[in-house]
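Report on the structure given below.
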């Protein structure tokens with residue numbers, strides 16, 4: 001019985017390795033169907049917006065997933081981990097340049113600590129090659145842009161994460177379904193559809209598709225409610241938890257380097273959360289103190305006159321406040 005279970009697991013792992021990109025397209029297709037059912041049951045409302053933005057966003061998301069899989073296929077695991085670590089600084093640079101978003105020194109410091117810890121815990125061998133390096137660079141750029149767009153589109157068009165995911169899922173699924181078999185065949189030299197689909201494999205494929213619905217939904221929700229950088233921080237927390245649970249439950253090999261890296265990464269995550277919370281509270285305090293001052297200025301006729309505001313007549317023409325109406329004072 002144990003031997004049969006191991007053979008099923010090995011068969012399933014082989015399938016996942018051979019069909020990573022194609023399987024992702026099925027995940028997105030099932031996500032779209034699930035959201036369509038939720039829409040039919042009126043769990044959320046459909047809110048159409050710029051179709052060009054949806055199309056570009058969906059295709060870009062699909063391309064970024066395909067490039068990440070290619071990066072893993074043409075690089076060592078260590079270099080792939082470096083690629084994932086590079087997403088955070090690249091996102092910070094892009095948001096600073098194009099969106100004028102300011103990251104404080106404390107936030108930058110906490111991110112450096114986090115990346116250092118994850119690097120110590122996960123990065124082992126670094127084998128470089130030209131093709132793999134180019135693919136990794138493209139994967140980092142497209143992933144950063146796609147995640148930034150996830151946040152900006154929701155705010156610009158005032159759509160929820162569910163509405164954006166529902167409209168972009170078909171384009172992502174089509175992009176990956178068209179390119180997936182070719183990319184998977186390029187990486188494994190095998191035909192995806194020639195794989196032996198046993199009942200156990202089909203069961204786990206369906207299970208993974210159902211789980212992917214919550215994963216895709218939570219991804220859009222976290223990025224929309226927080227930021228792409230915060231989403232990446234949570235992603236690295238997931239990596240640390242996978243390593244820790246692998247050691248505790250599966251008795252995977254663990255070294256002092258893994259332990260040190262996880263501890264440093266956790267310190268970076270705690271600092272990042274603390275500084276983000278502190279800055280959010282400071283902004284809320286500043287906003288709350290500015291609002292009463294604005295209300296007082298609007299009520300004060302002297303300040304209103306200095307700001308150029310006055311009374312509005314019945315026909316919509318602005319009139320000067322009587323206190324400062326120099327023409328009436330002269331005529332009197």
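Note that the numbers count up from 1, one per residue, in the order the chain is shown.
Glycine is treated like the rest: Cβ placed from N, Cα and C.
No curator has checked TrEMBL annotations; they are predicted automatically.
Feature annotations, courtesy of TrEMBL:
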- 306-332: compositional bias 'Polar residues' (COMPBIAS)
- 8-273: domain 'Sugar phosphate transporter' (DOMAIN)
- 287-332: region 'Disordered' (REGION)
- 12-41: transmembrane segment (TRANSMEM)
- 53-72: transmembrane segment (TRANSMEM)
- 106-124: transmembrane segment (TRANSMEM)
- 130-149: transmembrane segment (TRANSMEM)
- 201-223: transmembrane segment (TRANSMEM)
- 257-275: transmembrane segment (TRANSMEM)
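Mean model confidence of the domain 'Sugar phosphate transporter' (8-273) amounts to 87 (pLDDT, 0 to 100 scale). Counting only same-chain residues 6+ beyond the ends of the transmembrane segment (130-149), those with a CB under 8 A from a CB of the stretch are 57, 60-61, 63-64, 67-68, 70-71, 74-75, 79-80, 82-83, 86-87, 90-91, 94-95, 99, 223, 228, 231-232.
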